[in-house]
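Participant: Just lifted these from Swiss-Prot, have a look:
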- CYS98, HIS101, CYS120, HIS126: Zn(2+) binding site (BINDING)
- 207-239: coiled coil (COILED)
- 285-481: domain 'B30.2/SPRY' (DOMAIN)
- 16-61: zinc finger (ZN_FING)
- 93-134: zinc finger (ZN_FING)
Amino acid sequence: MDPTALVEAIVEEVACPICMTFLREPMSIDCGHSFCHSCLSGLWEIPGESQNWGYTCPLCRAPVQPRNLRPNWQLANVVEKVRLLRLHPGMGLKGDLCERHGEKLKMFCKEDVLIMCEACSQSPEHEAHSVVPMEDVAWEYKWELHEALEHLKKEQEEAWKLEVGERKRTATWKIQVETRKQSIVWEFEKYQRLLEKKQPPHRQLGAEVAAALASLQREAAETMQKLELNHSELIQQSQVLWRMIAELKERSQRPVRWMLQDIQEVLNRSKSWSLQQPEPISLELKTDCRVLGLREILKTYAADVRLDPDTAYSRLIVSEDRKRVHYGDTNQKLPDNPERFYRYNIVLGSQCISSGRHYWEVEVGDRSEWGLGVCKQNVDRKEVVYLSPHYGFWVIRLRKGNEYRAGTDEYPILSLPVPPRRVGIFVDYEAHDISFYNVTDCGSHIFTFPRYPFPGRLLPYFSPCYSIGTNNTAPLAICSLDGED
């Protein structure tokens, strides 16, 4: 092998594959490749990420464990010895001499973006071009390198944001799937428990549960695969960006001769680099939680719920039969009794729940905002209200026409393929069960709050929210369940 080529190969061997400069504090990983300690840290350290997160080698993509990183002292010694030769990775050993004329390379052709000697600059192909000393264009190209670097940094920041977003979406998906899985099990158990009080079971519920869970598992796996692919592609793009940024930083520190080497190719590649957006993936669960016949059982626990006008906020209009409520145009002159809500559009039912099972349905129609559920009898009605079980509220609500939530932001947004026009509420006091159902969607399950002992008596909760122009004006109406099939 030619000695010159051999030395060049050695110089390249002691360069970090990530930053393309001499290895600094070289670290070896499981697969045997070595990188700068700082490069690996920047590539792998993800704020707030667990150490159990999957890592791969930037070169061969082999799985590795960060805890197995080890310093490569022998390689570090070789790097220091090669550094004494005052060479740089990518420079080669032919130095500053023109291969054609043997003269020093010190001129630069602006049109062709080429380094050349004086003899080349006077040749016919360049005599009409603008050829200047290399130093005259050094700052111009340093600035272009800076602009390209800023562009890549912005792309890197966007890639990081997208990566964080994909991790959050993955976490949200896992929570939704686990919540739906729990709901399926609970709802079938509830059906069996309630049915045994009425008549012996006549269905193979175990097979129905297994089928529903199998469908959920298939859907979860398909979506999870897509989410993981998105995340993997973003990580790969981040790694490419990291290497390109490191290359530009290193190039800007080179002597002018080596900074300008192939400069146009580097700039074109950097400036044209564009982050590929992740594939849009719906997180809407298609496997619903639906138990055939459950609503018929729940209706046997129908409660005669009526609104208590003494609790109604001053702009809420309660019908004479106390079955409907809507938001009025003006404040009514009502006594400020202790039971009345002072700040919020809330009215409560008049019947206390302290034992037993109770079920009622409320027509919400095409309203864009509403809230339904139960609350403690002794909640604060004059100050700020937090719709959380911690503060005595078990409520689901619709906001902005399509955002369904259970309580406050402590629970994820609910996925409802069919917007409910009628909502069923079921309370089993002794079982600590507060559940909601989409009657419009054949009684599919909406949400069940985690089961904790209730801290006293409960009251039905209603909030028609505000009227928004001509929208959200229809009343909330408690439905009669008598005589229904």
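Glycine residues also receive a Cβ, built from the backbone N, Cα and C atoms like all the rest.
Not measured: the values here are computed from a predicted model.
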Participant: Determine the most Cβ-crowded residue among the binding-site residues HIS101, HIS126, using a 10 Å radius around each Cβ and all protein chains in the structure.
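Facilitator: Top count of Cβ atoms within 10 Å goes to HIS126.
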Participant: Mind checking how the zinc finger (93-134) divides into helix, strand and coil residues in DSSP?
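Facilitator: Its residues fall into 5 helix, 11 strand, 26 coil.
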Participant: Using an 8 Å cut-off from the Cβ centroid of CYS98, HIS101, CYS120, HIS126, can you name the remaining same-chain residues around the Zn(2+) site, in sequence order?
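Facilitator: What remains near the Cβ centre is ARG100, GLU103, MET107, MET116, CYS117, GLU118, ALA119, SER121, GLN122, SER123.
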Participant: Average the per-residue pLDDT over the zinc finger (93-134) and send me the rounded value.
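Facilitator: That stretch averages a pLDDT of 81.
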